Amino acid sequence: MSDSGKRVLLAEPRGYCAGVDRAIETVERALEKHGAPVYVRKEIVHNKHVVETLTERGVIFVEETDEVPEGALVVFSAHGVSPAVHASAAQRNLRTIDAACPLVTKVHQEAKRFARDDYEILLIGHDGHEEVEGTAGEAPEHIQLVDGPDSVDSLEVRDESKLVWLSQTTLSVDETMETVSRLRERFPQLQDPPSDDICYATQNRQVAVKAMAPDCDLVIVVGSQNSSNSVRLVEVALQAGARASHLVDYARDIDEAWLDGVSTVGVTSGASVPEVLVRGVLDRLAEYGFGTVETVTTANETLTFALPRELRPARSAG
Ligand code: SF4
């Protein structure tokens, strides 16, 4: 610790996950290969800085495919889309590249398979989140949304013996387990998904925050308000013992008053956040006397995903 007693604990892992890295590279490669403009349906990842930077480079973000000119190129975001969105793009003769994270696609496949086997699927997730809309759109007749433990009591199911739960990939692990145990109290025959739906990156970032939060007077999470996994990190920090926690997009969002009487500040970032923004926060904290930085490492991540087929280099003959 520094002489002043002020220090920063920096969570590791933090920031970009393999799915975000792939989605952003997908848009960058599409720009290089096809030139501007490239259309992207919804924010490619939920981060203000990423969206602003890509906009400057010639990306046009739209809400729906009907805003894209006939025949143009559109990239679908990391959160995945429903079959209805693919169909509407096809109807307009759009060229498409799907940057859905493979771990979201995995949940889509599970939803399709259980629906085919005539299961009713209880999808734990946040109402209105793009990922949930995409997954639910795979089998709308078979899926009911469960938005947290409090929505369990009002559920009505068709057949309790053919019931399975799935989840959004970016939820709080603890809150999801609470929802599942409430579900199981009501529906004892409820089946578990074949594998974890909450992705490795979400889990790892929550574990790292939990490890450092009890030692922190304040935890600053770098991330945007519409980033589910970033918002969860604030909640997890508070539940794990941080005295205060705030979400900031940029260093300039830090309110100096937050640092009154604080000696240890934890810093982490959501899975859609470029490291340059974390560096900005560390520089700002150093100006306030928090120049000593200790890293708290709970996992090492090495996973990477191949780019969508349309952007992979062509194999050389022979
Ligand atoms: S947070 Fe998880 S599911 Fe979402 S893009 Fe990253 S790895 Fe994929």
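A Cβ is built for glycine as well, from the same backbone N, Cα and C atoms used for every other residue.
Just so you know, TrEMBL annotations never went through curation; they're auto-generated.
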Residue among SER172, SER181, SER272 sharing the dimethylallyl diphosphate site, where TrEMBL lists HIS46, HIS79, HIS129, SER227, SER228, ASN229 as binders: SER272
Inter-residue Cα distance where the pair is CYS17 ([4Fe-4S] cluster binding site) and HIS46 ((2E)-4-hydroxy-3-methylbut-2-enyl diphosphate binding site), in Å: 13
Pairwise Cα distance for CYS101 ([4Fe-4S] cluster binding site)/SER272 ((2E)-4-hydroxy-3-methylbut-2-enyl diphosphate binding site) [Å, integer]: 12
Whole-number Å value for how far CYS199 ([4Fe-4S] cluster binding site) lies from ASN229 ((2E)-4-hydroxy-3-methylbut-2-enyl diphosphate binding site) (Cα to Cα): 10
Residue from CYS17, GLU131, CYS199 whose C-alpha is spatially nearest that of HIS79 ((2E)-4-hydroxy-3-methylbut-2-enyl diphosphate binding site), among the recorded positions: GLU131
Those binding-site residues, out of CYS17, THR169, CYS199, SER227, SER272, that come within 10 angstroms of GLU131 (active site, proton donor) at the Cα: THR169
Proximal but sequence-remote residues of the same chain as SER272 ((2E)-4-hydroxy-3-methylbut-2-enyl diphosphate binding site) (Cβ under 8 Å, at least 6 apart): TYR16, VAL20, VAL45, HIS46, ASN47, VAL50, ALA78, GLY223, SER224, SER227, ASN229, SER230
